[in-house]
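*Asks:* Below is one structure. I have some questions about it.
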2 protein chains.
Amino acid sequence: MSPARPATRRLTRYLPILGWARHYDRSTAASDLVAAVIVTIMLIPQSLAYALLAGLPAQMGLYASILPLVAYAIFGTSRTLAVGPVAVISLMTAAAVANLGLTDPAAIALAAGTLAFLSGLMLTALGLLRLGFLANFLSHPVIAGFITASGVLIAASQLKHILGVEAEGHTLIGLTGSLLAHIGQTNILTLVIGSLATAFLFWVRKGLKPRLLAAGLPPRLADIGAKAGPVAAVFVTTLLTWALNLSGWGGVKVVGAVPMGLPPLTVPSFDPTLWSQLFLSALLISIIGFVESVSVAQTLAAKRRQRISPDQELIGLGTSNLAASLSGGFPVTGGFSRSVVNFDAGAETPAAGAYTAVGILVATLVLTPLLYFLPKATLAATIIVAVLSLVDFSILGRAWRYSRVDFAAVFATIALTLGFGVEAGVSAGVLISILLHLYKTSRPHVAEVGLVPGTQHFRNILRHRVLTRPDIVTLRVDESLYFANARFLEDYVLDRIARDPAPKHVVLMFAAVNEVDMSALETLEELNRRLAETGITLHLSEIKGPVMDRLKRSHFLDDLSGQVFLAQYDAWAALTAAEAGQAQAG
Amino acid sequence: MSPARPATRRLTRYLPILGWARHYDRSTAASDLVAAVIVTIMLIPQSLAYALLAGLPAQMGLYASILPLVAYAIFGTSRTLAVGPVAVISLMTAAAVANLGLTDPAAIALAAGTLAFLSGLMLTALGLLRLGFLANFLSHPVIAGFITASGVLIAASQLKHILGVEAEGHTLIGLTGSLLAHIGQTNILTLVIGSLATAFLFWVRKGLKPRLLAAGLPPRLADIGAKAGPVAAVFVTTLLTWALNLSGWGGVKVVGAVPMGLPPLTVPSFDPTLWSQLFLSALLISIIGFVESVSVAQTLAAKRRQRISPDQELIGLGTSNLAASLSGGFPVTGGFSRSVVNFDAGAETPAAGAYTAVGILVATLVLTPLLYFLPKATLAATIIVAVLSLVDFSILGRAWRYSRVDFAAVFATIALTLGFGVEAGVSAGVLISILLHLYKTSRPHVAEVGLVPGTQHFRNILRHRVLTRPDIVTLRVDESLYFANARFLEDYVLDRIARDPAPKHVVLMFAAVNEVDMSALETLEELNRRLAETGITLHLSEIKGPVMDRLKRSHFLDDLSGQVFLAQYDAWAALTAAEAGQAQAG
């Protein structure tokens, strides 16, 4: 009622925290705190592992899990999304930074931070411009194919840590070749640790939960217990490596010295050359990160009948990435597994994320010396087990059965991701989706229709028993008419008339024509003229409101040789009567 | 009847000359010869001028008008198209070569020839793959805007020759700035020649034809007389310059020494760096050249009720460009004004083009010494007068009235062409057309419909007086459902239901849904699930055959909570009856 209301609502749109913080009470705080403790425990090994995957020092993973969570708690709209480093984005960061050919660790870290900064700027700008719909241009099967192929690439990239060898590459062939070339140098002790950790984590994922359930734990707790497996693996292998000095005499590679203390204040590079080199990578990371995050957020919101705002989510993720770039981090987004844990653990507001940030901060202040003897093979095992759950090649079979076009897009995305890396894969996926869509609509389905007897309904003469007349050809155009298919319709109609001299009337049934753009308008004018030259009148029926409004702004309807009918049945009745009248008169 | 028939027909498809040459007789030859003489006279100054526009030696324009015409006569399908250097493609060639930053004239000529070679390869490959439909992705308004803006750029680029100063630039701002910086060095004698030639040529174009008609000439001859204006201007100004030695004491720039003799055999560069630098330019030149040429060819073919084959046209233009690259030329395509002259002069077969080639060949053997004193200002005047007829800003007004989206595409194309050059302009035009189309279809029109009383027809409740029931919501979806708009429909339906708790049935009327891709299928499955959770059944009606075939390959129809109706009226009748029955029972 007060004049301040709309302004407040507007502010709440951009600062969702103003909405939920007013109703924050002790019981909500208790739920959020419990969830935060559980997520913190899960996030410590994950953050370290994803920093490793991105080719960055382990502590950057921790830094990327502090301030970004606070930023999301302020600007994000999902109650339960947990942001931070995630597998696919970390792999894309590694690929983007590798393109630069840097060797100095400080330069690499600066590039990763700058990537987060650029991505943060892009996401925030898209959000302020309310362009969240752009994410829709990635088709579901393309995303599924990309995630599957990325999972395979990520798992392959971690094998070197399990084997304890050096290897590099950003494609499946490159990685495999590099691994095979170095396989002779495998460190047996590392392989034993890595294999046991991997086997243990697979067992935890598949076998532990049923046992915990059988032991009488409630499902939610059993689930969380199973998710804590990586922490146990980290704890046991670190203890063993320290106690037996495996990194000394055994050559097991460990995380090593991790600086202790608050995240540093970092400033991204403003070098225009670096910006232009990172631009495309930042864009792709923004798109993939946004799509992944929004789909997780929507899935969780739907379960509790909450809504998220995609445009505000862009701002939430954008500010998170800006925060990451200013506090020693690298690109972040909303992660699937950690968000599910947060949700299952009972988080009720984004405050849980802020509490998690405090937890990770405490870890960087206290725990980092304990991480010295953590074997890299253990972190690799946690990554492999996590990403292999993303791999699902069944999308290929489902796409093949449903539509060859969707299959082509998925197959190309998977093949290009595996063969040429993540950036080529996702770019190709977007382009192929769009081009195949344009190709499909550039050759629209046109059906010749007739009257279903006893009704006022018209259907395809090839599929149904319908009434037709030789002097009236009715064509139902099953596509919007626009530049890519405008000429096709003209050719189709003229070919139909050329094959059969009987028709005196051509009726175009526009029930499925949702748009007539200017290119198509010119083609219709041309068609009207050509048909008139051969003595055939052109009629239109069932033009939709918005299309009719548009056509009325041109001269087309004035020049049309025939009429415009509201319903196809009206056209049939009027033209039949007119021809009958003429036949009688003649 | 003989088994050789299909093979012959196949061969004729790829070598159209085999079709028309069999019926070639003396009367056809006479018509073709007359046309060839007229086109040759017109083509000599034009070829020289367009070479100048492309930043190449004048003789290259002549070379580009010999072998390419022969190649088109063999492989082309239009009876009257005249290929050779044209204004827009010459400007694009100049821009592409300027990007390379070359200064050595031989290297520049080699780059231009290589550009023709690459473009020839692309066009031929697209033709063999039958990908002519790709040209449809350029919308008509975008082409119109691009041609208009290019005309302005070309005219501006020629002003330096009229003023007799040095100037460069590939954008309107760059050109204007450069001209203003050098305007103090204007050569008055050159300006006089250039201005008089321009004024004369404008008069020839606007004023001569009516006078010739008034003097009793038949319209066709009057037209050709008017088209011969440039030859007169060339003849008179060359004679004056030679007689008065204007290039000596007056500083009037002339074409100078043009080598006499047969076109040289040239080999394009196979340097991969050069190829990658020219790749995008060659692609854009191919697309624009093809679109321009095909639209000219189709216009002329329609007038004589002939047909052209776009895919074979690609091969015709491709081989023309390959021929240009091998004989000292540069990129060519079918030109509008010369083709119209050829048509009006009575050309009946592509042999007219071959005869024109002979005419130009004779000119290179005999006339080149006479061209020494031809002022560059005269050639610039012919270019300016020719291209200003292409300039038509009215497309902006027409697009504005018809559709803001088309207007945005035209405006951006014109602005970017003028501001950033031809390549940026045409690339932006293609991208903007496609993105705007995707944007439009990503927010489809959805209408709530009701029954038009006394019919079986359903229309928008906001536009028509129709019958509705509170317990049945019928939504007509006015767009194919695919990845870009899949989520939109889900949100729309859920919002509609959230606003009004009365509905028990939601019917989606799919009359305008021409495709349901896999992303959309997943969304429909989700929608069905969510509606079922709130006790609402989902029905579909008027699903088209191809869409139905597709849906049957998934589990969607088995899981659907409601039914699928052939016609919307059936859905209305059945659901009304069911609800009435329930009300009675209850």
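Quick reminder: no glycine exception, Cβ is built from N, Cα and C everywhere.
The annotation transmembrane segment is assigned in TrEMBL to B:33-52, B:58-75, B:82-102, B:108-129, B:141-159, B:179-204, B:224-244, B:278-302, B:314-332, B:352-372, B:379-401, B:407-436. Summarising the annotation, TrEMBL assigns domain 'STAS' to B:462-582.
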*Asks:* At a threshold of under 8 Å on Cβ distances, which of B:141-159, B:278-302, B:352-372, B:407-436 pairs most often with the transmembrane segment (B:314-332)?
*Replies:* B:278-302
*Asks:* For the transmembrane segment (B:352-372), I need the partner stretch with the highest count of C-beta pairs below 8 angstroms, choosing only from B:33-52, B:379-401, B:407-436.
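*Replies:* Per the Cβ count, the answer is B:33-52.
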*Asks:* Where, among B:33-52, B:141-159, B:379-401, do we find the most CB pairs under 8 A to the transmembrane segment (B:407-436)?
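*Replies:* Highest pair count goes to B:141-159.
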*Asks:* What stretch of B:58-75, B:141-159, B:379-401 shows the most Cβ pairs under 8 Å to the transmembrane segment (B:108-129)?
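*Replies:* Of the candidates B:58-75, B:141-159, B:379-401, B:58-75 scores highest.
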*Asks:* Please list the DSSP helix, strand and coil residue counts for the domain 'STAS' (B:462-582).
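*Replies:* For the domain 'STAS' (B:462-582), the helix, strand and coil counts are 57 helix, 22 strand, 42 coil.
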*Asks:* Any residues 6+ beyond the ends of the transmembrane segment (B:33-52) with a Cβ under 8 Å from its own?
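*Replies:* Beyond its ends, the transmembrane segment (B:33-52) has Cβ neighbours at 58-62, 64-65, 82, 84-87, 90, 161, 224, 227-228, 230-231, 233-234, 255, 330, 337-338, 341-342, 345-347, 352-353, 355-356, 358-360, 363, 367, 371, 374, 376, 378-380, 382-383, 386.
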*Asks:* May I ask whether the transmembrane segment (B:58-75) has at least three C-beta pairs under 8 Å with the transmembrane segment (B:278-302), counting pairs 6 or more apart in sequence?
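*Replies:* Taking Cβ pairs at least 6 residues apart, the transmembrane segment (B:58-75) and the transmembrane segment (B:278-302) are not in contact, as fewer than 3 fall under 8 Å.
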*Asks:* Near the transmembrane segment (B:224-244), which same-chain residues lie under 8 Å Cβ to Cβ, leaving out any that are not at least 6 residues past its ends?
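*Replies:* Cβ under 8 Å, 6 or more out: 38, 41-42, 44-46, 193, 197, 200-201, 204-205, 208-209, 212, 217, 250, 252, 254, 337, 341, 344-345, 370-375, 377-379, 381-382.
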*Asks:* I'd like to know if the transmembrane segment (B:379-401) touches the transmembrane segment (B:141-159) in this structure, counting it as a touch only when three or more C-beta pairs sit under 8 Å and are separated by 6 or more positions.
*Replies:* yes
*Asks:* Top stretch among B:58-75, B:82-102, B:379-401 for CB pairs under 8 A with the transmembrane segment (B:179-204)?
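*Replies:* The listed stretch sharing the most Cβ pairs with the transmembrane segment (B:179-204) is B:379-401.
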*Asks:* Given the model, what does the mean pLDDT over the domain 'STAS' (B:462-582) come out as?
*Replies:* 87
